[in-house]
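Chemist: Structure below; questions to follow.
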């Protein structure tokens, strides 16, 4: 009797297939793109090149972790690109006091900006677009005001090693990227905080009715995003041995693009960290391949990324409609 | 034994409206208590007081014999009152188990959610209610009925002693209703008190041990189900069974034989079942029925605002194969929605822009709207219907409810229809404006239009209409001429249980 009211098994199987494509499709595309690239470009599938891709992707990756949390929550964070610039400047300032302050000061600055954004969005009910756009402008201005003529980090010491050293023959930045995503996936799927983020993004009113502390979870999520962006800035400073106030321009949009390509729905409530990581790597791979073609201008990279983003959104829209 | 939940002399006032007057009633363990009443009777207010959304102005709420204050929804939930609404308040993209446990997940190592245990406990809980639902399934993949079951399961898991089911079955299929009813039986057996709110009287009679009727904020009847026959219940709901108002105005004489609007065997889901009727030019036909009888749905299915599943619609004699609002308007049918705010006015536009919205093609030249023609049209209707506005450029929201309704009526007429359907056109407008809307309807009929009208007030409908078509649970249960008829005649038709009604 109850079986009659359950969805027909074939419909359910189709829905599961679609959900699988939505969450894991980007990984498949990434693998496919990597195979094609390695067949076409002999240098592509070398350890050295993979390291290049991974290292270059690590900064965007850290930012994309935070961005993914925020998008699943049902918002987005435009401040993260500027926070990379501010982070690298603050790291250059604080590195004379040791490697720990050089990491912590940018992270705390990002956390503070996230706190302000989060409070304005969650408590004052302002639109995430406006609040974080204001932060994008303000934080970039702050970074430029603070930056001195030369922000070269003369003696990076341990701080430089964090970004440029290796463990087990693999660049530390790649370790940070992978461990960061693994931890993020754990938090997202296996903690009450993560489940609450999904719940708020899925149906904010219902989440409130079900007793989820909506304001607190929102504020913490923006703080997390800001912290990770500040940290990414510090690591970029360490990597380049320099504070660069203009660093990270456009990373806020790239991180949104990476998450969306990875199957994180801009409408909130749906997404995976594995998908977001695939999106980050896919964007990195596009850049890498276009660099290898050699005679192509880097403008083509943006063109290709744009096309990928559009295709990803198109596929998502079609799949979502099918499932409904 | 003391009742689990009890209200004593609970009152609530909103501005000038007394929503509840000294309401006393009790929910007992293992009992299904039905709460019925027409729109505005105070059911929602009472539920919101029991769930902590509103605080009563006077009176007391007792839980297990002890006075309590539900100062927030969370406080009421924590004390064991769980409500399931027709609009599911869960997270569709997450799993069933996550929805059951959200905020109360079992944990390992103090931080990590123990998914295995969560799924197992959810599975056990669902099985107890005879529900074959995979706890890992996405909630949104389930039908509405099963989603409601999940909502009930969540309430039980969080220790509910009272479960409020607010219009749970309005959107359910027959099989889903059966599942819901079995779950209610199990809740009963577990000693939980159930408050069942529904417009569907058949369901109330089938499920409830006791029925309480609210009207105008007061309890007007409360008795064991067996002691409250349908006719008495409906009489109490509408409150006019004793009076016997007779129609005095003689019926109009329809002009032609070809109906302006005709349906044959119209079907839409379970809400419109084989509905056939005809409206001739120059007559007003009233569509009578209790709330939820399918009045609005019948109109929407005829108009094409809902896609009919079977049946035929003819407008001015010509069949409309698959009606859409655009086709129906083109064929000569107009529809004035019951929900002025959601489906009627464009709140940010002016009176003139609102009025002209459906007639734009007639006013356009080379795709541009002719201001001159628009102004002329607006002036014509403003005069004909006596619309009181500061001017054609005044914002529509600055008008009274009655005048807004007249603007919408004018908008319907601007498409030069042969037949017009008015869904509760006088809802929520004051007495004076009502009379003006009635006058406008008489003018339409004299012009030879066929009018189909509903009203939540039976006397009004009888005064307006020449004939009534009575709907009961989606099907036509009778028809009568209003000339010389009494309200009681209609009440009897409303009350008749329908043989193949949804359980």
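Cβ atoms here come from the backbone N, Cα and C positions, even for glycine.
I grabbed these lines from TrEMBL:
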- A:21-41: transmembrane segment (TRANSMEM)
- A:53-76: transmembrane segment (TRANSMEM)
- A:127-147: transmembrane segment (TRANSMEM)
- A:168-188: transmembrane segment (TRANSMEM)
- A:219-244: transmembrane segment (TRANSMEM)
- A:256-286: transmembrane segment (TRANSMEM)
- A:298-319: transmembrane segment (TRANSMEM)
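Looking at the shown structure, what environment does each listed feature sit in?
Modeler: A Cβ distance under 8 Å defines the sequence-distant neighbours of the transmembrane segment (A:53-76), meaning residues of its chain 6+ beyond its ends; these are 84, 121, 128-129, 132, 171, 173-174, 176-177, 180-181, 184, 188, 197-198, 200-201, 204, 217-218, 221-222, 224-229, 231-232, 235-236, 239, 248, 251-252, 254-256, 258-260, 262, 264-271, 273, 276-277, 279-281, 283-285, 287-288.
A Cβ distance under 8 Å defines the sequence-distant neighbours of the transmembrane segment (A:127-147), meaning residues of its chain 6+ beyond its ends; these are 70, 75-79, 81-83, 85-86, 89-90, 93, 113, 116-117, 120-121, 243-246, 249, 252.
Tertiary proximity for the transmembrane segment (A:219-244) is limited to same-chain residues at least six positions away from its ends with a CB under 8 Å from its CB atoms, namely 55, 58-60, 62-63, 65-67, 69-70, 73, 75, 77, 79-81, 83-93, 95, 102-103, 105-115, 117-119, 121-123, 147, 151-153, 156, 159-160, 162-164, 173, 176, 180, 193, 197.
Remote same-chain partners of the transmembrane segment (A:298-319), defined as residues 6 or more beyond its termini with a Cβ less than 8 Å from a stretch Cβ, comprise 18, 21-22, 25-26, 254, 257, 260-261, 263, 265, 279, 282-283, 286-287, 290-291.
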